[in-house]
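Asks: This structure is in C-alpha cells; I'll ask about it shortly.
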Amino acid sequence: GLVVVNGSKYKKSDFEMERQIGEGSFGVVYEGRVAVNDARGLRKGDAVVLKRPKLTVEGAAELQEIESWMNDRVSRDAKGACAEFVGSFRVTRDDWLASGTNDALSKEGLWLVWRYQGDRTLAQYLAQPDYPTGLAKALLDRDDVYRGDAAVELEITQRAISQLLSSLMAMHRAGLVHRDVKPHNLVLAREPTPEFKVIDLGACACFRSGMNFTPDETIMDPKYAPPEEFLIPTDDAPDLRKMFAPVALAAGTTAWLSHRPDRFDMYSTGIVLMQLAMPSLRTNSGLQSFNRGLKKFKYDLQKWREANKGQLSRSKTAVLDAGDGAGWELAADLLRPRPYEAEDDQEARERPSAEQALKHRFF
C-alpha cells in the first residue's frame, strides 16, 4: 500500500491520552496532551487531537496515509483553512505487542496529530434543541439568544458559510478539492477567534499530483454530494498518477481549468447553507426528502420553492428571505447542475467558485 512520510516525526511517548472525542467508520479521535518538553513545535501540556485508523476496517490504513499527505499539503499550501496539523507518529505491530498493556496510544497504525482548537462540530450545534443558543455563545459570544431568533440565525449563517468559503478558497487555490463538505466536517476552533475549520481530508483530491484522484466512493456522503458525482467527466479524466510530476501538474492544471472540479464542493456548501437556514433540513429524513425534491425539479431551487410554497411559512425561511431573498439566490446558484449536466431547457450557468460566492450580496 501507499506509505507517505510527512509532517514532523513524533513518538508515541511524546503524548498522553486524555479522552475519546469522536469515532467515524474508519478511525477513532482522541484528545491528548503533549507529555514532553522537546516535542518539535509543541510545548509540554499543549492539548492535541490524535486520530488512529481502525485497522480492522478495509481501506482504513490507506485512508489514513492519504489523510496525512493531504494535511501536510494543506498546512503548506492552504495554511489556516483546516484544523492545524502538526504531524504524525507510527506504532508498529512490534511496538503494539511489546506494550503488553491496554494503553490506547499503543494501538497499531499511523497516528495523526493536530493542535486541539475545539471539538464541537457544526452538526453538533445544529442538533441542539435550543439552536441557535449554544452556537450564538460560542461563535458570536452572545448570551442573550433564545431558540428561533431569526436575526441571530441569519448572522450565524452568514458567518459560518463565509468562513467555510474562505477555507475552500484557500484549498481550491492549492489545487485541492475536499469532496466531503458537511456540518460534521466543520469544527469550531476557539483560538485566536472563533472560526469554523474544515476537517477530515480523507476524500480530498489533489489536482497537482493526482493523489487520491479516484478514491473509494464510499468515503463521501451522498446526502451532500452533487448530482455529477465525479470531479470531471469520466471520459475526460487524465490518469494523473501514471504521469511524471511536471506532466501531471500540467494535466491536472488543464483539467482544473477546463472542468472546474472545485464546483463539487460548492454544491455541498449550498446544502450546508440550506441546513443552517431551514430547521426541517437538519434531520436525515428531512434532508433526504429535500434532496429527492430538488432532484425532481432538476436542481432548480426556485422551482422547488414554488412547488413547496404551501409548507414554507415565513418563519421557516427567514434566513433565506432576508435582504429581498439574498439567501435563496445564493443557494440556487450553489445548487444548480453543472452546465454539462443541465437539461436542454435549462439555463447552463456555472456554479460560482468560492471566491465568487464570497462576493455575493447575502454576506
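Cβ atoms here come from the backbone N, Cα and C positions, even for glycine.
On a predicted model such as this, the values are computed, not experimentally measured, just so you know.
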Asks: Region 'Disordered' per TrEMBL sits at which of 289-313, 339-363?
Replies: 339-363
Asks: With an 8 Å cut-off on Cβ-Cβ distance and a minimum sequence separation of at least 6, pull the same-chain contacts of LYS51 (ATP binding site), or say none.
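Replies: Spatial neighbours, sequence-distant, of LYS51 (ATP binding site): GLY27, VAL28, VAL29, TYR30, GLN64, GLU67, TRP111, LEU112, TRP114.
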Asks: Let's see if you can do this one: DSSP helix, strand and coil counts over the region 'Disordered' (339-363), in that order.
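Replies: Counts, helix then strand then coil: 8 helix, 0 strand, 17 coil.
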